[in-house]
Amino acid sequence: MEIFPAIDLKEGRCVRLYQGEFSKETVMNEDPVAQAIIFEKLGAEILHIVDLDGAIAGESLNLPVIEKICKAVRIPVQVGGGIRSLVTVEKLLSAGVEKVILGTAALYDKSFLEEAVRLYKEKIIVGIDAKNGFVATRGWLDLSEISYVSLAKQMESLGVQTIVFTDISKDGTLAGPNFEQLAILQKSVGIRLIASGGVASIQDVKKLNDMNIYGVIIGKALYEKTIDLEEVLQVTKLC
């Protein structure tokens, strides 16, 4: 199982939100580059970065910081948030990003998604963020009428190989992932699933591993130290 330590960027800083509420932010590190280096030194093999400003604006606003992170670490970096054009995809890949995560665009701009998948194949990941089972977009501000399962099936049919699934109600809560929705999703599609939101303990990670979930994004639990990164990396290697 892949472990993805998370760095959420807002106004150039590393922050955490509570249930996706931008008004409920906590600054975890004023220097995201330093935080990336810390994760790498602890053994992280890949980083998950979200441009929160970009998710709202619809364009990558933290590109300079992302580029600095890519230059500062030797491990791969995947980035999401505000990626709604091929130009932005190309800028991020040129900056050293390994994979990009499309969210809003996957729902509202299928032609862009299809072209991105055609050009960059496995480098394109789709992020599905759900609230009460329905897909939320534009930085989680808008709630659609499309179920997370329906969108996942559409993405699989378009050639997407990996999905990041987030239950927004769990994000930043340390209340545990939405195992039920993840299980439904896994039965519905045959592509890689990365779980995100609410992961609070090594037991959560072990349960996801037992479900054969491909990867898990861990954010607040690492900063609050309810999960030790070195320990969880060791545990997942032994599973």
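Every residue, even glycine, has its Cβ placed from backbone N, Cα and C.
For reference, Swiss-Prot has these:
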type: ACT_SITE; residues: Asp8; note: active site, proton acceptor
type: ACT_SITE; residues: Asp129; note: active site, proton donor
Q) What count of other C-beta atoms do you get within 10 angstroms of the C-beta of Asp129 (active site, proton donor), across all chains shown? A) 25
(Q) Around the C-beta of the residue listed as 'active site, proton acceptor', how many further C-beta atoms are within 10 angstroms, looking at every protein chain? (A) 25
Q: Fill in the CA-CA distance, Asp129 (active site, proton donor) to the residue listed as 'active site, proton acceptor', as an integer in Å.
A: 15
